[in-house]
């Protein structure tokens, strides 16, 4: 399988297939860009239909991390790992994955992502120091990054709704770790929540917030003040965009636009789209602070700065007649070009 033949290959600096029968797992590590620093991005555990699908996701997600980290002004490049098969003891599998990360010599920093846990990060740490997402002593940044991802999404939603969510209806697609924490924040400030998730356990947890439950295939079409995609990517596409009933889309999912054309489709419908990698940077901000040994109190301030940054991106889009994701991409490309020039 040649990564360069994959349609999602975007000049990636390194793509490594990791694991095998002896290691008891199989996965891909994709390093997209290190112009700003070592490539950082989580390790996603998912049951992909094929190894090629796993590669495609790793390529897309790693590129997204380059843009997310640059937009958040972090000294990090973009990378991502996906594990699509585990057929041995989980601790042993993650320790073997950690050994693969170690072989990259610090080029890639891994962390928790969909399907992974803090316990998995501890196992990885048994084989490499290039990992974040491990609880630290009081006062130090670290641990599960999902609450910070949720906080960044929350402050972005508030900014787009004029500073308050009181009495506003928010449709949340996906109430896993990030979506659950987002619902907790929204509910705490008086929002009305309509949610959907394929996982019944996640829905049961979310019921604590008095949510209304919608079918998974209809949540995007719910009449709401804002639609918040917090599940997997490509949810904004040629089929769903015509069905959207909310005037604003702002969520924590990665790669929400299925294609470049979908950004234009949203504009044509008069729907405000908050570029995903601007909004959902809270987790990687937490990871960066942990890896750099910074104090936890700096993390929240940086995460709350996501909201004004988002508003600036939307202003740029409006003033320069760009779609929001085009405006965000241009800002990042300028940063990367400046970094390459030294």
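The count begins at 1 with the first shown residue.
Each Cβ is built from the backbone N, Cα and C atoms, and glycine gets one as well.
Summarising the annotation, TrEMBL assigns active site, proton donor/acceptor to 80. Cβ contacts within 10 Å of residue 80 (active site, proton donor/acceptor), excluding its own Cβ and spanning all protein chains shown: 29.
Non-local contacts of residue 177 (NAD(+) binding site) by the CB criterion (under 8 A, 6+ apart in sequence, same chain) comprise 144, 146. Residues or ranges marked as NAD(+) binding site by TrEMBL: 174, 175, 176, 177, 178, 179.
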Q. Residues near the NAD(+) site, 174, 175, 176, 177, 178, 179 excluded, by Cβ within 8 Å of the Cβ center?
A. 146, 172, 180, 181, 182, 197, 202, 230, 231, 252
Q | Three-state secondary structure, which DSSP defines for residue 80 (active site, proton donor/acceptor) | A | strand
(Q) Between the Cα atoms of residue 80 (active site, proton donor/acceptor) and residue 178 (NAD(+) binding site), what distance do you get, rounded to the nearest Å? (A) 18
Q. So of 174, 176, 179, which of the binding-site residues has the fewest other Cβ atoms within 10 Å around its own Cβ?
A. 176
